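J.: My questions will all concern the structure given below.
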Amino acid sequence: MKLKDTLNLGKTEFPMRAGLPTKEPVWQKEWEDAKLYQRRQELNQGKPHFTLHDGPPYANGNIHVGHAMNKISKDIIVRSKSMSGFYAPFIPGWDTHGLPIEQVLSKQGVKRKEMDLVEYLKLCREYALSQVDKQREDFKRLGVSGDWENPYVTLTPDYEAAQIRVFGEMANKGYIYRGAKPVYWSWSSESALAEAEIEYHDLVSTSLYYANKVKDGKGVLDTDTYIVVWTTTPFTITASRGLTVGADIDYVLVQPAGEARKFVVAAELLTSLSEKFGWADVQVLETYRGQELNHIVTEHPWDTAVEELVILGDHVTTDSGTGIVHTAPGFGEDDYNVGIANNLEVAVTVDERGIMMKNAGPEFEGQFYEKVVPTVIEKLGNLLLAQEEISHSYPFDWRTKKPIIWRAVPQWFASVSKFRQEILDEIEKVKFHSEWGKVRLYNMIRDRGDWVISRQRAWGVPLPIFYAEDGTAIMVAETIEHVAQLFEEHGSSIWWERDAKDLLPEEFTHPGSPNGEFKKETDIMDVWFDSGSSWNGVVVNRPELTYPADLYLEGSDQYRGWFNSSLITSVANHGVAPYKQILSQGFALDGKGEKMSKSLGNTIAPSDVEKQFGAEILRLWVTSVDSSNDVRISMDILSQVSETYRKIRNTLRFLIANTSDFNPAQDTVAYDELRSVDKYMTIRFNQLVKTIRDAYADFEFLTIYKALVNFINVDLSAFYLDFAKDVVYIEGAKSLERRQMQTVFYDILVKITKLLTPILPHTAEEIWSYLEFEAEDFVQLSELPEAQTSANQEEILDTWAAFMDFRGQAQKALEEARNAKVIGKSLEAHLTVYPNEVVKTLLEAVNSNVAQLLIVSDLTIAEGPAPEAALSFEDVAFTVERAAGEVCDRCRRIDPTTAERSYQAVICDHCASIVEENFAEAVAEGFEEK
């Protein structure tokens, strides 16, 4: 036997290298085979419910890192709730209708307008489901736990029926109406868009300053007067039917030198406009308030058949332009509102593809709307005063990335205005985890217009509306519920397979159809109505979930998207918000803080992370950032996170190895019998437990990460485990001192493994497989530990906080001695302490081997004053010299009792007593040489 064999060197097969990329899929299959998700739900039956409702990602393509961050965050929350006494099922979902899938099929050569619609929709459905399958595997590879066998998908018959019923209730309450308001119109998609489908980019446009000649000045202006107008959308002049001024804005009638004409502009803008138009020696002839100009009639710049009326509008400002805007009710929301109030014609001169129509005039007909500027300039002639190119923020179709226009077309709307206050009142009841999120959603609802819910596309849920022979729209409870039942049985494709009369209840009649003939609506619903109905299609209809949901967690862009549409439909139906809490996340940016895009080549695919690091590192990264704001991710950042993971893993490996001979049922030492330092570490760990439990409850992942890393680095590695080897390796295997420390080791190991499970389930299960004395076969079936409090806890914490200060001072003294070449390692030192009464009392209270805690070979607490050469602090001074004696071959301390023993071992008296007591046979035979 060799002397080193008398040491209790920790033994474990738990590998230092995790091998996550290859091991994770193996563990995940094991969990699936063991039906862990189902077993967890069974365990928690009857406990308080917690419903995190999954916002459905769009089923198209592989997931990106933003998807991963969001789904991992949800998984951490659901797992922590499941391990905290809640019944917390997770039903993942997918959004499957809409234009992107139509675009994919188009790129694949599918020609929608040349094939049977039902066959086309079948292709859309097949593609969508293939993407659901692809993304399901992507999410499962991240270690996300949920009911993957029974997700919700917005194209399933049961979901579509639930969506129809949401619409039906809104129709019954009078919230659905048809109108020809201007809507966001995407000529590139040939469809209306909702606000949530808009994104803004900078666009360079031609702006024109031109003049309308007064035709009837109403006794205020002469007919040789011209009202100066500014526009950034020249094509809309073809539909201009009025000029709008601000009632309380001051306007001036001016005549520049050398000009026969007189002009009206906003007084505040006269100086800048004079410079722009090249006017000199401008004479101000008169000043008017805007309201004095009301109902003056002007000529259209070129269309002699059209008169343009001067009207008042609150939207007019003097921030730019001339303080007067031309008004085309068919091409703008403000224009429409003031136009309708003043009985102006709602003219639309652009078709669904962005092509100018016949009513725009023969010079314009057939031109693309963006290309008409030269023609407009030619038609304006000498009425054009100036033109310039401007860059401004402009709305784009978020899918096609093309600019859009406002365009008045008959559409179906959900009236938000009818119950806006009810929605705002509900927002006040929701808990927002960021105050700015509440303000953002509140302001969006307060300021938004009615919701355009109709789309002129094919792949989506049909609007369950019929038309009588006289054109009357039919959307009554009887017909809508009948359609819902048909969809529930056959799916929404039945709408296109059957004639209108076969979609109506048997023997249905309507006074507007004396001949019994009906037509059906051909528009489909906005996809935001699809996902916005999920509270009904999923949360209400799934018995394991509770409505309203406890939490919605999505990206901050969903304040205008899913948070918004879900809120509107839920309040419209039931008068309550669909969620009790909202937690929003920022976007994942690259390592430089720039937006990720394929064109820049700075994207990171979750699959690449899994191959290089493992999903576990991506999960740990999610907790290492403040995801309420935009976050950064790169392979370098993930490499740093991987180092943190390695530190966590190897620390826990040390605990596993050094409790391998510890049976908690037999070897645990009662708390009251622990040393003071062990009690201190137990208390510090329980503080960590409380911090992490509280942070899980508040969804504060970064708090968990920081607290965990700090505990492992500072409390364990830099202190407790730093001197632990002197105990667990050196002392007798069954000695009280070793069992005391092992008791703390094991307690920390078991509980920290549970605390890590929601974040690092793969690693936690791997650790758990080495803990043979724990009852649960999977740590995921256990509960998070509760924080324990101890007697005299504050007193112990105060004592050891003071000792840590003392320890820091001692380490400075040792460092000085090391720099002066007095010692090499701290274990070579004899440290003499010159304490005052406070420190003396402290060292007595610590009641431990202080030399062991400081990792020095010898320590003397001296009486009397410190020598002049001592390193002095306010309460204590130190001197350092090399310890007397020789190095013990077993404990490596320098000790004056170190000597060669009769059994061929050069060891100190302390080690000799341990060896002679525990290894009598080896002592009798003598140890082998090193």
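Note: Cβ is positioned from N, Cα and C throughout, glycine not excepted.
Checked Swiss-Prot, it gives:
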- E554: L-isoleucyl-5'-AMP binding site (BINDING)
- K598: ATP binding site (BINDING)
- C888, C891, C908, C911: Zn(2+) binding site (BINDING)
- 57-67: motif ''HIGH' region' (MOTIF)
- 595-599: motif ''KMSKS' region' (MOTIF)
J.: Any residues 6+ beyond the ends of the motif ''KMSKS' region' (595-599) with a Cβ under 8 Å from its own?
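T.: For the motif ''KMSKS' region' (595-599), the sequence-distant neighbours (Cβ-Cβ under 8 Å, at least 6 residues beyond its ends) are 64-65, 587-589.
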J.: Would you report the average pLDDT that the model assigns to the motif ''KMSKS' region' (595-599)?
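T.: Taking every residue in the motif ''KMSKS' region' (595-599) and averaging pLDDT yields 82.
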J.: Over all shown protein chains, what is the count of other CB atoms within 10 A of the CB belonging to C888 (Zn(2+) binding site)?
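T.: Step by step: centre on the Cβ of C888 (Zn(2+) binding site), count other Cβ atoms within 10 Å, giving 23.
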J.: Give the sequence-ordered set of same-chain residues, not counting C888, C891, C908, C911, with Cβ within 8 Å of the centre of the Cβ atoms defining the Zn(2+) site.
T.: I730, D889, R890, R892, R893, D895, T898, I907, D909, H910, A912
J.: Around the Cβ of the residue listed as 'ATP binding site', how many other Cβ atoms lie within 10 Å? Please give the count over every shown protein chain.
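T.: Other Cβ atoms found within 10 Å: 8.
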J.: In which DSSP state, out of helix, strand and coil, do we find C911 (Zn(2+) binding site)?
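T.: Helix, per DSSP.
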J.: Roughly how many Å lie between the Cα atoms of C911 (Zn(2+) binding site) and K598 (ATP binding site), rounded to a whole value?
T.: 65
J.: What's the CA to CA span in angstrom from E554 (L-isoleucyl-5'-AMP binding site) over to the residue listed as 'ATP binding site'?
T.: 23
J.: So of all those binding-site residues, C888, C891, C908, which one's Cα sits nearest to the residue listed as 'ATP binding site'?
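T.: Smallest Cα separation from the residue listed as 'ATP binding site' among C888, C891, C908: C891.
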J.: If I restrict to non-local contacts, at least six residues apart, and a C-beta distance under 8 angstroms, what lies near C908 (Zn(2+) binding site) in its own chain?
T.: G885, C888, R890, C891, R893, D895, T897, T898
